[in-house]
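Chemist: Supplied in structure tokens, the structure appears directly below.
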Amino acid sequence: MEQQRESRSFPERKGQKRKLEEGPPAAAEDPQISPSTTTDAALLSEVAAQVSVLNSAFSWKESDRAAAKRAAQVLGEHQSRLSYLASDLVNVIVDGGAVPALTAHLQPPPCSDGDLAHKPFEHEVEKGSAFALGLLAIKPEYQNLIVDKGALPHLVSLLKRNKEGPTSRAVNSVVRRAITNLAHENSSIKTRVSRLEGGIPPLVELLEYSDSKVQRAAAGPCFDCLLLQIVECNALPTLILMLGSEDAAIHYEASCLYVGVIGNLVHSSPNIKKEVISSGALQPVIGLLSSCCPESQREAALLLGQFASTDSDCKVHIVQRGAVRPLIEMLQSPYVQLKEMSAFALGRLAQDSHNQAGIAHSGGLEPLLKLLSSRNGSLQHNAAFALYGLADNEDNVSGFIRVGGVQKLQDEEFIVQATKDCVSKTLKRLEEKIHGRVLRHLLYLMRISEKSIQRRVALALAHFCSPEDQRTIFIDEKGLELLLGLLGSTNTKQQLDGTAALYRLANKSMALSPVDAAPRSPTQRVYLGEQYVNSATLSDVTFLVEGRRFYAHRIYLLGSSDAFRAMFDGGYREKDARDIEIPNIKWEVFELMMRFIYTGSVDITIEISQDRLRAADQYLLEGLKRLCEYTIAQDITLENIESMYDLSEAFHALSLRQACILFILEHFEKLSSMHGQNELVQRTIPEIREYFCRALTKSTTNLQSLRL
């Protein structure tokens, strides 16, 4: 789940560049170098001249050695200068035959008896040739060419020959850099260095030098594919000692080698990991977390994450030895890669239950939550993974909620799908822990904490609590008032949080749907059937609607509705009338109302549902009223929500009013941007309070009944 390696982007330090920065003195004042040589023809001519010198001056004669030294320097200076001006011109140097000529001078000329006593410019020609070839090797397309011409065994031989002497340090530095550049991202050359040419043992020997610069020079070219041989050469103890050095430059070289090389082997080989740990590496690596070198910090965090990948005991030991606090401090570094690797390491450590509470208690929650806002996908994901681990501990749940972590996880935009999935699992983990002592602690915070924390707790519980706890939390403990207070805020974000929480709470409660929530009619419903609808058979009363006659049965209507009971059994003039005129109602509305009374069912269309709602309310037909409310509720939109709410108030349409409330809560963000709709929200707050008091009480009662 974690991204472990990215390209480095730290401030440049001495020794950090892969390019050769040490070598022969600049030859800019040499008369053989002129600006005109930057053209292809002139440069080719210049190269040909220097190559000719190298090919003809392979002897111990002082004049030959001086000429060869100068020619190697000139070619190296050309490459160094042209790599910045026009890299394509470097091809001219290669095409001019410089590679085989320089390779030949990596080895000393053959010795005659007279040469043994005096060797002019000893090692200087070899050093200049290695320098020039090292510059060419920076370009990947030249690496194999140089090796194919036989440079590699000569470079290794130079390392073996130059163990002592006043010039050995400078020569070895140039040689090891040439080997480094040749093998950079080239696995076949790496293998040849270690297996075929025997290059690792002399490099390991250089690690034992007392001179820190020699140590740094030897540390760099130990490559990934040479890991086993490095271990076999017993280099680990020395490298571990280098990690404890007070020399910041040694810190850098040792950490790059130790993590970039051995770290990869640790990741893939449990045996090597055990050997590294048994060699005492853990504490020096943890010490590098506080290094002044950002690269060393990054590599140390990466290696600790690799150590902690599978071994639970190792996770605990890393925390016990003091890694948590410096890792948390690194989360606030200005360098993205430092934050990324520290989050990676903390994520691995947080997979152990013994570490989770300690990381949160040490202040890890808030900086990890802040990293969720990063636009770097790897950093964002590593932070999310660490938070996923911390959420597994009950002791951390209240901490998540207290610092606003739930809202952060819900609101943030995540770049990759894997991060979204990780965050969803984190929220699910938190939800599963909202019971028992965790819930009691949160209720305690909701009572005694400052208002902002009380609101965060109420918001989180609205999303996470179980239905059986809703009444306790939101009615008895006044959590509902905290959420309603957010609705009344002038802060749009608080309003959005409040409405989202209330909508989630409404969905989680076991309140009945709006169409079933209206009270039943107090009168018993008895249905005559379809055959008696507008039938003259046994009819004893006729209604006149829009000039048309509707035949009905007085005794049946008397028992179907309190309104008809009052009409036929009260002191109204309709009591004994044979024909009764019904004004202010359409025929189709009246006919549908009567059909419902006689059959108990009817199809209602949205076109005349409001007229039928008015008639159902007038004649106290609660069943028909519920059907009309349900039909109308399906037609609620952003544009008509206010008129729908007014309609529900005009006819005391409880189900329709509840549907309007839920619509307002669900679509508050869009409504808040529409002119005048915020006033509607404020107007509905008393109704929202009444709705939730009724719904939460009812859902708890229903749950208790089910248990019985």
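From the backbone N, Cα and C atoms, a Cβ is placed for every residue, glycine too.
Annotation source TrEMBL lists compositional bias 'Basic and acidic residues' at 1-22. Under the heading region 'Disordered', TrEMBL lists 1-37. TrEMBL lists 198-220, 322-364, 363-405 with the feature repeat 'ARM'. Per TrEMBL, the feature domain 'BTB' maps to 539-606.
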Chemist: For the repeat 'ARM' (363-405), give me same-chain residues lying six or more residues beyond its boundaries with a C-beta closer than 8 angstroms to one of its C-beta atoms, as numbers and ranges.
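Modeler: Same-chain contacts beyond the ends: 1-3, 6, 324, 327-328, 331-332, 336, 339-340, 343-344, 346-347, 349-351, 353, 356-357, 412, 414-416, 418-419, 422-423, 425-426, 429-430, 433-434, 437-438, 441-442, 445, 449, 453, 456-457, 460.
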Chemist: Do you know the DSSP helix, strand and coil residue counts for the repeat 'ARM' (363-405)?
Modeler: 31 helix, 0 strand, 12 coil
Chemist: What mean pLDDT does the predicted model reach across the repeat 'ARM' (198-220)?
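Modeler: The average pLDDT of the model in the repeat 'ARM' (198-220) works out to 55.
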Chemist: Please work out the helix, strand and coil residue numbers for the domain 'BTB' (539-606) from the DSSP assignment.
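Modeler: Counting residues by DSSP class gives 30 helix, 13 strand, 25 coil.
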